[in-house]
């Protein structure tokens with residue numbers, strides 16, 4: 001069997017151009033509904049274009065199909081987490097856990113500092129448990145409800161949640177991406193974290209200043225009366241009590257103890273169901289069919305919350321929007337989007353088109369600054385094309401590592417660059433697994449909240465600025481190279 005031909009740069013760029021054009025058309029014609037089918041079709045059509053190019057270059061149909069299966073299999077963990085999160089949101093709405101968080105949030109949080117508080121709360125929890133996804137699905141859902149109740153912008157709130165969650169995730173030694181990046185680059189974990197502080201802390205400090213400014217500008221008139229009415233509606237529909245926060249405490253404790261996300265979130269969903277049965281019988285029976293009896297009504301309503309979510313029957317439109325949703329079914333569009341995106345990304349990688357683009361970029365990186373900037377840009381571009389955060393870290397990390405070694409740059413230069421470009425930008429792209437997840441949980445399109453997710457786009461820009469200035473760039477000593485160990489670093493060299 002003959003070797004497949006190397007693709008030309010034009011062949012590599014053609015599917016990217018087609019995808020960007022189709023995605024633009026999808027957003028133009030379908031707006032916020034573009035993620036409910038149009039984006040998926042665009043990704044699959046472009047995957048077909050890549051397949052034709054690959055077959056033209058000598059790649060076999062079975063080879064391409066196997067690559068698609070391998071790529072989709074990488075997302076099975078994320079898909080299971082999404083289903084568990086859908087169930088968790090449903091049972092937490094039914095149990096009163098989310099209503100209780102919203103009630104206390106409305107009571108305790110000052111609207112003037114709400115966006116700032118959102119980001120800081122999410123950052124602290126994410127730093128503690130190492131998971132931006134868990135933070136968004138638990139605390140993030142409640143904070144979105146509080147924003148709605150206070151009459152504040154849900155789009156800005158989503159940006160604050162994403163910014164805080166990714167700041168904490170990026171610096172947490174418990175985070176999977178924080179461990180993955182140095183592992184790929186060959187750096188020490190805690191050296192990598194210390195190295196990231198130079199791009200991460202200034203970006204987040206500026207982020208907090210921006211959220212403080214937005215909060216002081218976004219003041220609402222007539223709020224006390226509306227707020228009191230909403231609090232009365234919440235306490236009228238649900239039993240509100242501090243112990244209904246137990247499912248949240250259980251989930252965060254399990255995450256802190258490093259239990260994998262899927263079982264931790266699954267246990268959180270089950271604990272929510274138990275709390276619903278114990279403390280929300282009045283609400284459950286009001287939702288149940290009258291001919292089923294108490295036991296049958298309880299079983300069906302709790303069961304339905306897990307697969308179809310909660311639909312609040314109330315004349316108050318704000319309360320209905322606030323406390324309706326969840327269920328595994330609400331995640332199916334997101335799962336469809338992830339499968340479509342991974343299909344496209346997998347065939348791009350398997351047919352060598354993605355590698356062809358990266359190799360071209362590598363030839364353009366003449367200086368050390370150019371190499372770091374190219375790495376950040378490639379990680380972001382991989383998020384766009386391969387639609388997965390892990391691939392955006394692993395692929396550039398593997399491909400650029402020999403060049404970093406050749407130029408005597410220590411591994412933490414590479415690990416920071418792929419984190420700055422790969423971890424943070426993933427949540428800004430609607431068809432990326434992270435962007436799709438955030439949209440399914442926060443119910444805000446990444447294209448809408450992206451401008452307010454300040455940390456997520458300031459960090460790669462800060463990384464580029466540091467590269468241009470040569471700040472905190474470290475070189476390995478000669479003995480280090482000879483011994484193939486880390487050795488002593490020389491800071492701020494060019």
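Positions of Cβ are set from backbone N, Cα and C atoms, glycine also.
Features of the protein shown, as given by TrEMBL:
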- 12-31: transmembrane segment (TRANSMEM)
- 37-55: transmembrane segment (TRANSMEM)
- 67-93: transmembrane segment (TRANSMEM)
- 113-136: transmembrane segment (TRANSMEM)
- 143-167: transmembrane segment (TRANSMEM)
- 164-471: domain 'Na+/H+ antiporter NhaC-like C-terminal' (DOMAIN)
- 195-216: transmembrane segment (TRANSMEM)
- 237-256: transmembrane segment (TRANSMEM)
- 262-280: transmembrane segment (TRANSMEM)
- 292-312: transmembrane segment (TRANSMEM)
- 332-358: transmembrane segment (TRANSMEM)
- 370-393: transmembrane segment (TRANSMEM)
- 449-471: transmembrane segment (TRANSMEM)
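Of the recorded ranges 37-55, 195-216, 292-312, 332-358, the transmembrane segment (449-471) has the largest number of C-beta contacts under 8 angstroms with 195-216. The stretches the transmembrane segment (332-358) and the transmembrane segment (12-31) are in mutual contact, each linked to the other by at least three Cβ pairs under 8 Å (pairs 6 or more apart in sequence). Confidence across the domain 'Na+/H+ antiporter NhaC-like C-terminal' (164-471), taken as the mean pLDDT and rounded to a whole number, stands at 89.
Stretch with the largest number of CB pairs closer than 8 A to the transmembrane segment (113-136), among 12-31, 37-55, 237-256, 370-393: 237-256.
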